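Okay, structure first, notes after.
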Number of protein chains: 2
Amino acid sequence: MSEDIKFLDIAYEEALKAYEKDEVPIGAVIVKDGEIIGKGHNQRIEKNNALYHAEIVAIEEACRNTGSWRLDGCTLYVTVEPCVMCAGAIMQSRIKKVVFGALDQKGGAVVSKYRLFDDGKLPFKVDYSLINYEKASIILKDFFLNKRRVSRER
Amino acid sequence: MSEDIKFLDIAYEEALKAYEKDEVPIGAVIVKDGEIIGKGHNQRIEKNNALYHAEIVAIEEACRNTGSWRLDGCTLYVTVEPCVMCAGAIMQSRIKKVVFGALDQKGGAVVSKYRLFDDGKLPFKVDYSLINYEKASIILKDFFLNKRRVSRER
């Protein structure tokens, strides 16, 4: 558990980087045998590409670092529940486990809107664990609150 | 309809490129106002990255070419029904319509295993059309048949 918090803290540092760039503040980190092999934060606007969610950026880095498309035995820590695209990318990459720090009730694909990892429809097996990591949802709420305030002031 | 076949033919040419590289032969092309703005074929092994499905490669190219993460008004043509990851990427990129040439009964996320584009669970609206484009499934069957034969001969 303290191991989980340690890596969620690092994912949260990534989320802070996104926040500073005015991107939706979500961060992710991929761990193999206790070592970080990939990190990422949401860069959709920076990269002009909707695919660059935190999880995708972290998977790309981990594949580059390991030289393999298979991330067997890896755990992905992400501040918020993955969306459909990212849950699909996690399965395609053969990541073993996902730990996330908050639900995404509008678009989460692990437990909220879909249960892609355990509905038995696909041949991929991904374990997951939801940990109540309050900072992950607080920073998101703060981000969208600021967005609305700025758009009202305009 | 003949427009659809024209662009599926170009997606099929992409699938042939994947076949020649010993990658699962799937190809995709993205069209805006009648012009091709992105093409791609499956490059999972070549790029050492499970994310590089044909649709993802095509979306990346289209975003680079347009300088925007939003692919509003675009149609994506792909030889085979998209998987969960690619269907998610299509929604994230705001692609308007997907035309595909064959079902993927084991992993398709548009009509086969999930109905991500029209089950009403997410706030994205993507139209789709399945066209019976036989070459798309023939090349896939041929690919996997050869794979099995090679693995028996070893």
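Any Cβ shown, glycine's included, is placed from N, Cα and C.
What TrEMBL annotates here:
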type     : residues            : note
ACT_SITE : A:E55               : active site, proton donor
BINDING  : A:H53, A:C83, A:C86 : Zn(2+) binding site
DOMAIN   : A:2-124             : domain 'CMP/dCMP-type deaminase'
So, in DSSP terms, is A:C86 (Zn(2+) binding site) helix, strand, or coil?
helix
Among A:E55, A:C83, A:C86 (the recorded positions), residues with Cβ under 8 Å to chain B, listed in sequence order:
A:C83, A:C86
If you run the three-state DSSP split on the residue listed as 'active site, proton donor', which class comes out?
helix
For the domain 'CMP/dCMP-type deaminase' (A:2-124), residues assigned helix / strand / coil by DSSP:
41 helix, 21 strand, 61 coil
Could you work out which of the binding-site residues (A:C83, A:C86) has its C-beta surrounded by the smallest number of other C-beta atoms within 10 A?
A:C83
